[in-house]
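Colleague: Have a look at the structure that comes next, please.
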Amino acid sequence: MKIDGQQLARRILRNLHTRVKALQKTGITPHLAVIWVGNDPASASFIKQKSIAACVIGARLSLHQFKKTPLYQKLAEFIREMSRNPEIHGIIVQRPLPPSLSAQSLCKLVPKNKDVDGFLPKSAHVPPIGSAMFRLFNEIYFNKLQKTASPEDNYSKPLLTWLKEKNIVLLGKGETAGKPIAATLSKYRLPFIMLNSRSDHPEEYLKEADIVISAIGKAGIVNPAHLKQGVILIGVGMERKQHKLKGDYDENQVEKIARFYTPMPGGTGPVNVACLMENLVNAATLTG
């Protein structure tokens, strides 16, 4: 069964729109500053999605683009300036950055309360991609399996108990997907196996997996022959091929194998963006 991420994202955004209207009555409009270096087409697409979501909930997004790579010191000072602005509640340094700029050190300049990407070790926010995983788990466990409404708590005891009984395999350890997903699973003490390109015999782990989260970013890399019948398949990684975004697995090949799966695109991506907006609204709420 296909899990409609766009529908789930719309529900999250509707709730956030209500919260933003309440904040605006107190004089606060959530404001996200996006700092972008270069003109990478994939980054442009991601920024557009964030801008649309911000508009839907009534938040403000300001884009600060450096078409030419600035000196590290100049960009660092710009981030510090954004950080000092009390009207900015969230700051994103859009990745990837040119090799001459260290994303890790620049992101450390963002205050923890404004780190809506949740990349900092002691960030005030759960990484959106990590939150998106749990939103999807809730959708599957409560709405699809239990036939009940999802609780407000995305990390409820019944859900965590169910997940702890599953063999979870995470494919990929990238900075923006695999690692933050792993950090979120670890935070809630969920056992999982993390595989990457250097792992020996990954198919042996995949064949035993109840849940597979694929965050590699290489079209069609997941071989359906290595998946067991009834697996839950969550797709994160995508690759642009021939001007089209393609996921780590072919939906047509997995739809008869997986009990539940997310389409790629249109599955995890919209939920990820909605969870980013949730972090922004939470950050703005803390200032009120």
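For all residues, glycine too, the Cβ spot is worked out from N, Cα and C.
The following feature annotations were taken from TrEMBL:
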type: DOMAIN; residues: 3-117; note: domain 'Tetrahydrofolate dehydrogenase/cyclohydrolase catalytic'
type: DOMAIN; residues: 163-285; note: domain 'Tetrahydrofolate dehydrogenase/cyclohydrolase NAD(P)-binding'
type: BINDING; residues: GLY172, LYS173, GLY174; note: NADP(+) binding site
Colleague: Counting across all protein chains shown, how many other Cβ atoms sit within 10 Å of the Cβ of GLY172 (NADP(+) binding site)?
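Modeller: I count 23 other Cβ atoms within 10 Å of it.
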Colleague: Looking at Cβ-Cβ distances, which residues of the chain lie under 8 angstroms from LYS173 (NADP(+) binding site) while being 6 or more apart from it?
Modeller: LYS179, ALA182, MET194, ASN196
Colleague: Based on DSSP, tally up the residues of the domain 'Tetrahydrofolate dehydrogenase/cyclohydrolase catalytic' (3-117) by helix, strand and coil.
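Modeller: Its residues divide into 58 helix, 18 strand, 39 coil.
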Colleague: Mind looking up the mean pLDDT for the domain 'Tetrahydrofolate dehydrogenase/cyclohydrolase NAD(P)-binding' (163-285) in the predicted model?
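Modeller: Taking every residue in the domain 'Tetrahydrofolate dehydrogenase/cyclohydrolase NAD(P)-binding' (163-285) and averaging pLDDT yields 94.
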Colleague: Can you name the residues of this chain that are 6 or more positions from GLY174 (NADP(+) binding site) yet have a C-beta less than 8 Å from its C-beta?
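Modeller: Those within reach of GLY174 (NADP(+) binding site), by Cβ under 8 Å and sequence separation of 6 or more, are ALA215, ILE216, GLY217, GLY237.
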Colleague: Run through the domain 'Tetrahydrofolate dehydrogenase/cyclohydrolase NAD(P)-binding' (163-285) and tell me, per DSSP, how many residues are helix, strand and coil.
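Modeller: Split into helix, strand and coil, the domain 'Tetrahydrofolate dehydrogenase/cyclohydrolase NAD(P)-binding' (163-285) gives 42 helix, 25 strand, 56 coil.
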Colleague: Other residues with Cβ within 8 Å of the Cβ centroid of GLY172, LYS173, GLY174 at the NADP(+) site?
Modeller: LEU171, GLU175, ALA177, GLY178, LYS179, ASN196, ALA215, ILE216
